Amino acid sequence: MEEKELIPRLFRTEYRKIVSVLCYLFGIEHIEIAEDIVSDTFLSATELWSLKGIPENPTGWLYTVAKNKTKNYFKRHALFAKKLSAEIKYSSNGVEEIDIDLSVKSINDSQLAMIFTVCNPCISAESQIALALNLLCGFGIQEIADAFLTNKEVVYKRLNRAKEKLKIEKIRIEQPSPAEIDDRLNIVLITLYLLFSEGYYSTSQDTILRKDLCAEAMRLTYLLAENEPTNKPAVNALLSLMCFHSSRFEARINEEGETVLYSDQDTTLWNKDLIDKGIYYLNQASKGNKLSKYHFEAGIAYWHTHKEDTTEKWENILQLYNQLLQIEYSPIAALNRTFALAKANGKGKAIIEAEKLQLTDNHFYYSLLGYLYTDVDNEKALKHFKTALSLANSGADKAVIIKNIEGIYDTGKSH
Amino acid sequence: MDEFMLIFRRDHESKENQPSPEDMQASIKEWLDWKGSLAAQNKLVSSGNRLRPDGKVIKSDKMVINGPYAEIKEAIGGFIVIRARDYDEAVEMAKDCPVLRAPWSGSVEVRMLVSESNS
């Protein structure tokens, strides 16, 4: 592999690992030192590899250089090293004793601790995601800006404010105690869920970036599932949900980067391996006595891996939505529940329920009403679709609504 | 918006008024869909609980008797808490409750909860 391709790839996979280990070692107050050392390591790689060629073991080379740079930093900043060796329980016989452990286990432990640090409620959900992308996923500031459809300055400020806040609050980089784990894990899962959704539902046309966001959210969730203290039912349920959703990634976006509706998807593009993994983690998730919203969402996503429209499928989806809404209301879940009701109990009953929702600022609400009235009362259907069109913002949403309106006109002609 | 408790009562005693297991099974979906409907309107505050038909009653002299239903045949079978503008809306919502229909043919009592704002 060319060094031009290799370095960005290593940056994505190794930057976050070394940063995590160093942050874990240094503590939150010295987070920039850790970042500087690792950035400097990659800078050396760029300079030296282009002159002398790529070393035999590039990852090992990065680790060794990062370790040496850390030790040099300690030598130049003896006070810092002294303070550190007193804090961390290593025998303080000198700087050389401070062990920079870049083993797989140490990397995983450091990353797990960092997940809990980054997903701290003292900073906003948006900042948690940005910080997670930066420190846990090795995303550069430009990539984060692209993901959020914003500019570098905004991301840069957001990251710095978040880091400052973590320092002021003296958030420790550690995994929570068993007693706290459920509460803390809740917040982590919300962030990972948002990170995944950012990739899955993003309006960004950059398909590769969107896939990366989903993959990173899955990797971090997987890390939690593989770690005994955090291997909780809700973690497995979230991972299952992510597997089911991403199994349709190839099918739901066409070559032009446009969204393909579920009903129009080519099922041969669904990823069978991911569906199987989803089922596996859903089974793992059932080994507990508490059901989280992720359990219900994973259940719904499971039934969507069956393309056939059966009463059994829609009845199951309806009941899962009934339960999900009792745990956590959201307009989108209410709308989807009503769609499932139409499929399971018929359009007549669903129209009565849909009229009760009154989500009058939501274009999906009018699209749902339009769908329900189609072939029942096409005049009403048209009226609702036209309201939906006036409320929709994105071109993709408008295109779908226009298609529905044309569909009604076409059936009108054929009669 | 105020909160209202809907209390479901039905006859648990008379033999002729007890639903068959098939009737009960068929009614489960009605209950689930009704609660789902309230939740979809963001009007379900608490899914409440179902109560077992048996129970104890402690009188003021601390005498304990069996069964919660001393004078009337109907006993409380369960409750939920909903959110509604006023009694009229709460009553309209309660009218869809499956307990009012066969095989239960029971009743719903609607009671406004005392909150800080309306105490």
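Backbone N, Cα and C atoms are what each Cβ position is placed from, and that goes for glycine too.
Per TrEMBL, the feature domain 'RNA polymerase sigma-70 region 2' maps to A:10-78. As annotated by TrEMBL, domain 'DUF6596' applies to A:184-285.
Confidence annotation: the domain 'DUF6596' (A:184-285) carries a mean pLDDT of 90 in the model. Helix first, then strand, then coil: DSSP counts for the domain 'RNA polymerase sigma-70 region 2' (A:10-78) stand at 62 helix, 0 strand, 7 coil.
Note on the domain 'DUF6596' (A:184-285): DSSP counts are 79 helix, 2 strand, 21 coil.
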